[in-house]
Amino acid sequence: MSSFEYRNGKLHVEDLPLEDIAREVGTPFFCYSTAAMVNAYNAFASALKDAGVKGTIFYALKANSNQSVISTLAAAGAGADVVSEGELRRALAAGIDPKKIVFAGVGKKPEEMALGLKVGILQFNVESLPELEALSEVAQKMGVVAPIAFRINPDVDAKTHAKISTGKAENKFGIDIPRVRKFIERANDLPNIAIESLAVHIGSQLTDASPFKDAFERLAGLYSELKQAGLPLKRIDFGGGLGIQYNDETPPDLSVYAKTVSEVVQGLDAECIFEPGRFLVGNAGVLVTETIYVKEGSNRRFVIIDAAMNDLIRPSLYDAWHDITPLQEPGADTEISPCDVVGPICESGDTFARQRPLPPVKAGDLLAMESAGAYGAVMASSYNSRLNAPEVLVKGDKFAVVRKRIDYDTLIGQDLLPEWLSS
Ligand SMILES: Cc1ncc(COP(=O)(O)O)c(C=O)c1O
Ligand SMILES: N[C@@H](CCCC[NH3+])C(=O)O
């Protein structure tokens, strides 16, 4: 059963009409379903178990780092994949055991490494020689050993949007396979480094299983080769990337994904780590918005809503599709006509949908922008001095505001005037 569905003509999230939340919180706002996140987590974990894979799920916080979301997934059993000191602090604040945290990213700074070392995270995923050297230096100064994974760039096309592909040689991520031995030699020369793992992540929103297979086979082949050569590897980090359905895509079935993993790890005696982000939260969230005006152009109708590209940038940035669903269920014989759904920001790119077939929409009507749980609120800005869309978490028939809308004084108060302008 979906966590977002019409009941008695009103779109519900779990047992609550979204309209009731809108009345109390005001629009726009993000709304997340606890059940949808927990169900996605359990489905991922069960698929691994059914395929005989011994694996731990390290939720990629970048998809949605609200404390309540992290805590929900942590309670279900998740660790965390973090890419910055901020995310590391968020994971720790949500009570995640440092031994269930991996630190990824091409540009970790020494102070970020120091915090990871201080709390004793599971591993740093290293992507360049200067990063390796910096980590060794920080670890040596602190008198601790840094456990690392080498993030491999397998040179595989993830067949996803170019801006979120990370596994080709021209991408900034990972270490090209022919260069790995050089990294091992250097790591062996450096103090306070322990090579424990190999990692890969070829991109996000993958809707085809074959790039996973290609990348995982290359990774597993390298793992086995290096282990035979005496490297004390114990873990493989398979990254994230599993796509979700936004429109008419058919992402790989979890069982196919898990089977691919189980086949490649056969006989390797490796613990497995997975870093799903979008899969766990993407379809667990919506962005609720109110129609401000309906504007008739000479060749199209514009539905102008109170959410904008600053709230959900995916359509502007990636031409991404998000289903747009009225909170009030349209009748079966309602006439559908195409509209452009746009926000109030002064850019033509502030468009959520072009010529989207929609039932009649009038000012005041509430709409849900679906699949907004991942890479929504976390990518928001205050462009055009707009207030943030608050975030709400629902559990059954309860809801709570889990990030409030700031007020204008707070927004403007973030700026400071130099003394020569303040008198
Ligand atoms: C290293 C790493 N792990 C995990 C993820 C999570 O990806 P996704 O949300 O597609 O599962 C990302 C983002 O693409 C990433 O860069
Ligand atoms: N921001 C992207 C995903 C990026 C994944 C980052 N590793 C999106 O909204 O689809």
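The count begins at 1 with the first shown residue.
Including glycine, each Cβ sits where the backbone N, Cα and C put it.
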According to TrEMBL, which candidate in Tyr223, Tyr318, Tyr375 joins Gly241, Glu275, Pro276, Gly277, Arg278 at the pyridoxal 5'-phosphate site: Tyr375
Count of other CB atoms lying within 10 Å of the CB belonging to Glu347 (substrate binding site): 13
Contacting binding-site residues for ligand 1, chosen from Glu275, Gly277, Glu347 when the Cβ sits under 6 angstroms of any of its atoms: Glu275, Gly277
Listed in sequence order, residues not in Gly241, Glu275, Pro276, Gly277, Arg278, Tyr375 with Cβ within 8 Å of the centre of the pyridoxal 5'-phosphate site Cβ atoms: Ala60, Lys62, Ala63, Ser204, Gly240, Leu242, Phe279, Leu280, Gly282, Ala374
The domain 'Orn/DAP/Arg decarboxylase 2 N-terminal' (39-281) [mean pLDDT, rounded to integer]: 97
Residue pair Gly277 (pyridoxal 5'-phosphate binding site), Lys62 (N6-(pyridoxal phosphate)lysine) - Cα distance, angstrom, rounded: 7
